[in-house]
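Below is one structure, written out as structure tokens, with a few remarks after it.
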Amino acid sequence: MKITKITTYRLPPRWMFLKIETDEGVVGWGEPVIEGRARTVEAAVHELGDYLIGQDPSRINDLWQVMYRAGFYRGGPILMSAIAGIDQALWDIKGKVLNAPVWQLMGGLVRDKIKAYSWVGGDRPADVIGGIKTLREIGFDTFKLNGCEELGLIDNSRAVDAAVNTVAQIREAFGNQIEFGLDFHGRVSAPMAKVLIKELEPYRPLFIEEPVLAEQAEYYPKLAAQTHIPLAAGERMFSRFDFKRVLEAGGISILQPDLSHAGGITECYKIAGMAEAYDVTLAPHCPLGPIALAACLHIDFVSYNAVLQEQSMGIHYNKGAELLDFVKNKEDFSMVGGFFKPLTKPGLGVEIDEAKVIEFSKNAPDWRNPLWRHEDNSVAEW
């Protein structure tokens with residue numbers, strides 16, 4: 001079997017799908033994208049495609065190493081996202097050829113279900129509470145919320161109080177009927193993270209995500225030493241080599257590699273194993289589309305330390321398309337009691353509505369994240 005063609009489709013709301021075709025008619029799908037940089041990743045995919053055309057898709061490990069090592073410069077969000085989507089599609093092909101789901105090819109199930117959680121947008125308490133109520137109606141009881149709006153490098157007590165007030169109102173509205181993590185989104189400087197984490201402790205969040213940017217990872221063990229709240233990070237780390245340094249330094253309790261950013265299934269399975277050796281749990285980052293989610297689920301079901309799975313159903317970014325709009329077998333992604341079950345169809349287990357993908361790709365938006373500024377007009381972290 002040989003790879004004959006690679007096609008990319010930029011899609012709303014901010015996704016990109018990839019299709020790999022073979023000379024035997026077997027097709028694999030992947031989802032390579034960096035939100036806001038889809039065209040750049042697309043170019044990287046087709047650069048890698050120059051080598052991949054004519055290669056045997058079953059040699060996933062060798063193809064991965066070539067894509068990563070054959071270029072003198074390596075790593076980073078663009079290349080690793082391109083590799084990720086290609087890797088997902090190669091696993092999809094392998095599973096279809098062998099008539100088995102990917103998790104079966106990786107040793108079989110380690111669990112029968114995985115807890116799902118949903119991102120809830122909004123910075124005003126009433127908006128967040130309303131969003132939680134809506135999502136509870138479709139079965140969610142675990143959520144992730146903004147931990148704050150933009151904060152200055154050293155900000156005032158009013159800004160801290162505003163962030164804490166939102167969380168306090170949510171806990172008061174729902175008590176312990178729900179669990180929620182708080183996403184600082186890298187918006188918070190190390191000095192302010194120290195203050196804000198302390199103030200939020202009484203509301204017992206499930207975790208605090210990206211308390212500081214990955215570039216400031218040396219602060220993770222320092223922040224962890226001052227709180228009992230688990231710290232989570234990983235969406236802006238792109239290979240096992242990035243995660244190695246964080247695991248060795250300590251401080252992170254929940255690793256969040258993104259299956260569409262961190263080298264795909266092949267690399268993230270290695271990252272999961274590394275985390276397990278350090279007694280660190282896994283909760284793959286996934287505010288993206290259905291192929292990315294499927295890839296995450298296969299890792300969840302073969303990784304002992306996987307504890308939570310993010311997904312984008314109902315997320316406020318989803319303008320123009322919802323999570324399962326391009327999927328034919330929607331029922332396979334249904335949840336029971338807030339849990340996903342294993343996908344059982346061969347490969348990734350996603351049946352893509354290709355005609356709809358082609359149609360929607362004709363007018364795909366170029367999504368960009370907002371540009372925020374502080375009161376003094378300096379750029380703020382979003």
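Each residue's number is its place along the chain shown, starting with 1.
Cβ coordinates come from backbone N, Cα and C, glycine included.
Take the CB of Glu209 (Mg(2+) binding site) and look out to 10 A: across all protein chains shown you find 26 other CB atoms. Annotated Mg(2+) binding site per Swiss-Prot: Asp183, Glu209, Glu235, in sequence order, evidence recorded as sequence analysis.
Under the heading active site, proton donor, Swiss-Prot lists His185, citing similarity to another entry as support. Around the Cβ of His185 (active site, proton donor), a 10 Å sphere holds 18 further Cβ atoms from the protein chains shown. In the three-state DSSP reading, His185 (active site, proton donor) counts as coil.
The site 'Increases basicity of active site His' feature in Swiss-Prot is assigned to Asp258. Sequence-distant contacts of Asp258 (site 'Increases basicity of active site His'), defined as residues of its own chain at least six apart whose C-beta falls under 8 angstroms from its C-beta, comprise Ala84, Gly234, Glu235, Pro284, His285, Cys286, Leu288, Ala292.
The active site, proton acceptor annotation in Swiss-Prot covers His285, and the record cites similarity to another entry as its basis. Cβ neighbour count for His285 (active site, proton acceptor) (all protein chains, 10 Å cutoff from its Cβ): 25.
Sequence-distant contacts (6 or more apart, same chain, Cβ under 8 Å) of Glu310 (site 'Transition state stabilizer') comprise Ala116, Tyr117, Ser118, Trp119, Lys144, Gln256, Ala283, Pro284, His285, Cys286, Pro287, Cys296. The site 'Transition state stabilizer' annotation in Swiss-Prot covers Glu310.
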Glu235 (Mg(2+) binding site) in three-state DSSP notation: coil
Cβ neighbours of Glu235 (Mg(2+) binding site) where a neighbour is any other Cβ within 10 Å: 23
Cβ-centroid neighbours of Mg(2+) site Asp183, Glu209, Glu235, 8 Å, sequence order: Lys144, Gly181, Phe184, His185, Glu210, Ala232, Ala233, Gln256, His285
Separation of alpha carbons, Glu209 (Mg(2+) binding site) and His185 (active site, proton donor) (Å): 7
